[in-house]
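What Swiss-Prot annotates here:
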DOMAIN    7-242  domain 'ABC transporter 1'
BINDING   GLY39, GLU40, ASN41, GLY42, ALA43, GLY44, LYS45, SER46  ATP binding site
DOMAIN    257-498  domain 'ABC transporter 2'
Amino acid sequence: MTSETVLEIRNVSKHFGAVKALTAVDFRLARGEVHALCGENGAGKSTLMNVIAGVLQPSEGEVLIEGAPVKIASPAVAQSLGIALVHQEIALCPDATIAENMFMAATNRRRSALMNYAQLERDAQAVMNRLAPIDVSQKVGDLPISSQQLVEIAKALTLDCRVLIFDEPTAALTETEAQVLFGIIRDLKARGISIIYISHRMAEVFSLCDRVTVFRDGRYVATEMVSDVTPDDVVRLMVGREISQLYPDKQPSSERLGEPILSVRDLGGERFRDVSFELRYGEILGVGGLIGSGRTEIAEGICALRPVTQGEIRLHDKVLRLRRYSDAAKAGVVYLSEDRKGSGVFLDLSIAQNIAALDLKALTSLGLLNSREERALAEDLTRRLGVRMGGVDMPVSSLSGGNQQKVAIAKQLAVDPKVILMDEPTRGIDVGAKSEIHRLLRELARAGIGILVISSELPELIGLCDRVLVVREGRIAGEVSGNEMTEEVIMRLASGIGPATETNLKASGHAA
């Protein structure tokens with residue numbers, strides 16, 4: 001890192017109507033540094049990055065590149081200035097190939113009637129191979145979320161940039177994929193490229209970054225050398241308070257008795273088989289495993305989002321016969337997707353419309369929607385979940401990623417479910433918002449709702465859940481609880497490294 005400033009933000013504000021997303025913020029990025037930007041969801045991090053990347057225009061203030069004021073009127077202008085943004089949310093064309101997506105921005109700037117697509121594909125494959133051995137001739141829509149995130153990163157690497165912005169780049173990646181990305185970031189830094197790194201994961205901030213800047217409530221708080229602060233210091237700056245307990249108290253084992261809310265027996269389908277477990281009253285059941293292990297497919301099978309070829313599902317000891325997701329929701333089994341923008345929320349609709357979407361019939365009389373009841377429902381749930389917004393009439397697209405996730409959860413709660421299956425419910429959410437959601441999930445469990453949480457974050461599985469099922473290659477490899485619930489035990493079961501001992505596995509036949 002040098003002392004030379006490559007990018008400077010001076011007194012930038014951004015307003016959306018009466019909502020102030022940014023208020024007179026400053027930011028400086030040195031050449032060849034990795035600079036972390038931290039803050040709770042709604043703090044203004046992504047808004048500032050969108051200003052730098054030309055997606056949004058500032059209401060006030062200026063942006064300087066190497067000391068010269070610039071007007072970044074569009075993403076194309078940003079790219080011409082050497083600025084690239086890797087979005088937290090997937091921004092790819094699903095019907096185009098990986099290669100076409102990777103070079104779409106570059107070819108738009110130098111389009112030719114004699115475009116050599118064979119060469120383009122070879123170049124794309126060379127870049128992609130730095131991250132993962134993924135065939136770039138595939139369509140993006142056929143890839144899992146983690147692979148789509150790698151394509152987003154590869155797309156940015158094809159641009160000749162001096163400033164590269166990563167917005168929660170590891171949220172959908174496996175640990176192995178994340179480590180490959182970290183190596184690439186260190187290589188880019190060594191070549192003098194400046195990196196802005198937005199993350200809620202303190203371990204990544206402290207292992208990768210030179211400096212950290214903290215925003216809170218749309219305002220600049222502080223910039224510190226990473227070597228001069230601790231993770232607790234950064235969290236205190238982010239939230240303006242101490243977070244005394246990220247995870248609520250667990251259910252006492254003595255209460256984990258009685259009839260199960262949900263029973264799954266010998267369930268099988270594409271990419272999963274012989275899945276059996278019970279979800280009991282008052283508990284939060286975790287599901288861990290590597291990405292691609294079949295965790296999501298099991299949840300989708302339970303709620304009829306994908307075909308089931310064998311087994312049975314019982315809700316309060318009554319066999320469920322589900323043909324489609326609407327049958328599951330009507331029965332009281334709902335699913336929160338890991339892809340909140342793909343299937344979790346409708347970005348262009350209002351917050352109130354999103355929350356009411358699963359059960360419009362309950363808010364309708366004689367064919368007319370009762371907008372007063374819709375609004376009251378939305379206001380109640382957004383208050384309980386702590387959604388930061390200008391009002392329930394605002395479009396979901398106006399919210400930060402974490403607040404969009406809260407709306408997605410509120411949408412499921414609006415139908416008074418008996419069981420909620422949550423796939424990565426806190427992915428990309430800051431520590432303060434995570435704490436709120438964890439407390440909410442525990443309250444729901446205590447109220448009698450069955451909660452199943454799929455998570456790639458081992459601390460979340462261990463800290464939040466009463467028991468954890470570990471999935472490997474489409475089957476439940478084991479179940480852990482109590483003192484046996486450690487990261488090492490879960491990872492050994494997930495990866496199949498070494499034998500699974502009897503102390504790690506329950507006697508219920510979960511071992512693969």
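Yeah, the Cβs are placed from backbone N, Cα and C, and that goes for glycine too.
Between the listed binding-site residues, namely GLY39, GLY42, the fewest other CB atoms within 10 angstroms of a CB are found at GLY42.
Note on the domain 'ABC transporter 2' (257-498): its mean pLDDT in the predicted model is 87. Here the binding-site residues are GLU40, LYS45, and the one ringed by the most other CB atoms within 10 angstroms is LYS45. In sequence order, GLN88, ASP167, ILE198, SER400, GLY401 are the residues of the chain that are 6 or more apart from SER46 (ATP binding site) and have a CB within less than 8 Å of its CB. Cβ-based neighbour count (10 Å, all protein chains) for GLY44 (ATP binding site) stands at 26.
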